[in-house]
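As given in TrEMBL:
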REGION    1-26  region 'Disordered'
TRANSMEM  59-81  transmembrane segment
TRANSMEM  93-115  transmembrane segment
TRANSMEM  127-143  transmembrane segment
TRANSMEM  149-170  transmembrane segment
TRANSMEM  182-205  transmembrane segment
TRANSMEM  211-231  transmembrane segment
TRANSMEM  272-290  transmembrane segment
TRANSMEM  310-329  transmembrane segment
TRANSMEM  350-369  transmembrane segment
TRANSMEM  375-400  transmembrane segment
TRANSMEM  412-431  transmembrane segment
TRANSMEM  443-462  transmembrane segment
Amino acid sequence: MKATPSHTRAQREPVPRIQPLKQSSRANYINDLPIPVEQSSSTLLQKAKQKAKDKDASLILPYACTQFALTIPVLLIPIIAGDLAGTSGNTAQIVGSIVSLSTLGAGIGKVVNGFVCQSLGGRKSGMLYLLGLSAFSFMLATTNSLHGYAIAGMEFCASMMWTAMTVLFSEKYDSDAAKFSSGIMTLSLASTTGTLVAKFLGGALLSQFHWRQVCLLSAFVAALGSSILFLNRDANSNIINDGANSRKISVEIEKTNPPSISSIFASIKNVVGRKMFLAIAFAKFTLFIVRQCDKILGTYIIDVTDLPKYLAGSLTSSVTLGFVFGLVSGGKVHDLESAKEKKSFIGKRYALGVSSCLGLAFCATKMAGAMFSPLGLAAAITVTSGLLAASIGFQFYQLVPMYAPTFGKDKAVFISFCDAFGFLMLSPFWSSVGKIVDTFDNGWTLTWLGIAGFLAAGGSIMTRNLEKIMRLEDKKEN
């Protein structure tokens, strides 16, 4: 066979024209070169942004900002109450009134904000409500009489953020349960970090600045969190980038319609109509008493020990740390095999909580004041309140979500309504506490004895129904 001349082959096979590289192609070409290429500062900045996005910082930081802004009033309430009381001496009643209003705001938020988030999406809801949190923080820093309403507004706005952040994580890691679980755990740690930073930093600042100036820091941090969500424009889409499945999920999210009125009422009827709802909601309310007790703990420490007001807020950090320890250590219940062992484990933790309440009741007596110095009494209160929080940390965070899957598609409504029930019950409870403390000489002792009674009742309900709550019977059948 005769060979084809090279010049003839060249005529039949035209040389393709070299197209200019696109920006992304040029970047890939440079990265593929076998020689080192000095990266520009813009490239390093892009990599840093991507690394932060991979670590979910753009979702975690706004929630940490939320908790920081929401914790500052915990430090300010004893000081505000002291300023308002003047020489009248009814500080505890003012504290009870402020805390009562704040929990009412959180309760209303728990009822309505889930539906708002479902309509607007996690990013828009979080961004707008953080701006609202900033505005109410500014209101608290400037008002002379509406302190309770300002804190109630802060609680209302902050109640949206857990729902919004959870929705964003579920959209981002819809097809990766492990990453979603890790993200939620990191979100919880961010919450604790924001709370602790606020308590320690806020306590230090209060020793140097007026409380109104410290409150402005809360407004700034909340606005910062909103800005982070605003810049994170990918937050409302599923950005796991796993090909066709990701695109399919994104399309489904875009096509989701807001819930109809009939479906909302059907969900409410399904949740409230269950026999177990009121029992579990009441038990969760008793846990909420302990979770919210740091709002009155500062005033309690001041009344019992006469320590400076700016120190009392920082000492309530024991409650925050106790809840974290309780959440982690309580996970041991899953390693126990029989239902009897699990009931015994949870029952002992409730018993420790009731004993801690009795210890706090004793610290308010004249006998305890005679036995300990003010610093010694403050140390005893700090340790005992930490033990109280640790004893119910696991039950507070885990038991209600464990039972939620039995409600099917309405599990989110069940969790939200349990929280709402707890907050709405807390409003008259804290108002009554303030009146009791101001009316009776041993008011603080009566308060902690009452909390011990409520916790014992809630613990009895949780322990008696533990097999249903943890769905142990379902696991046996499987």
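Every residue gets a Cβ built from N, Cα and C, even glycine.
Small disclaimer: the values here were computed from a predicted structure and weren't measured.
Spatially, the transmembrane segment (350-369) is not adjacent to the transmembrane segment (310-329); fewer than three Cβ-Cβ distances between them are under 8 Å for residues at least 6 apart in sequence. The stretch from 59-81, 93-115, 412-431 with the most CB pairs below 8 A to the transmembrane segment (310-329) is 59-81.
Same-chain residues lying 6 or more positions outside the transmembrane segment (127-143) and placing a CB less than 8 Å from one of its CB atoms are 62, 65-66, 69-70, 72-73, 76, 113, 120, 150-151, 153-154, 156-158, 160-161, 164, 212-213, 215-216, 218-220, 222-223, 225-226, 229-230.
Taking Cβ pairs closer than 8 Å, the transmembrane segment (211-231) reaches residues 58, 61-66, 68-69, 72-73, 75-76, 79-80, 123, 126-128, 130-131, 133-135, 137-138, 140-142, 198, 202, 205 in its own chain, all 6 or more past its ends. Listed by sequence, the residues of this chain that lie at least six past the ends of the transmembrane segment (375-400) yet keep a Cβ under 8 A from its Cβ atoms are 188, 280, 284, 287-288, 290-291, 293-294, 297, 300-301, 304-305, 307, 315-316, 318-327, 329-331, 333, 346, 349-350, 352-353, 356-357, 359-360, 363, 368-369, 414-415, 418, 455, 462, 469-470.
Comparison of 59-81, 182-205, 412-431 by number of C-beta pairs under 8 angstroms to the transmembrane segment (93-115) places 412-431 first. Beyond the ends of the transmembrane segment (272-290), by six or more residues, the same chain brings 319, 353, 388-389, 392, 395-396, 400, 403, 407, 414, 417-419, 421-423, 425-426, 429, 451, 454-455, 457-459, 461-462, 465, 468-469 to within a C-beta distance below 8 angstroms of the stretch. Packing against the transmembrane segment (412-431) from elsewhere in the chain are residues 96-97, 99-101, 103-104, 106-108, 110-111, 114, 163, 267-268, 270-272, 277, 280-282, 284-285, 287-289, 292, 295-296, 400-401, 403-404: each is 6 or more residues past its ends and has a CB under 8 Å from a CB in it.
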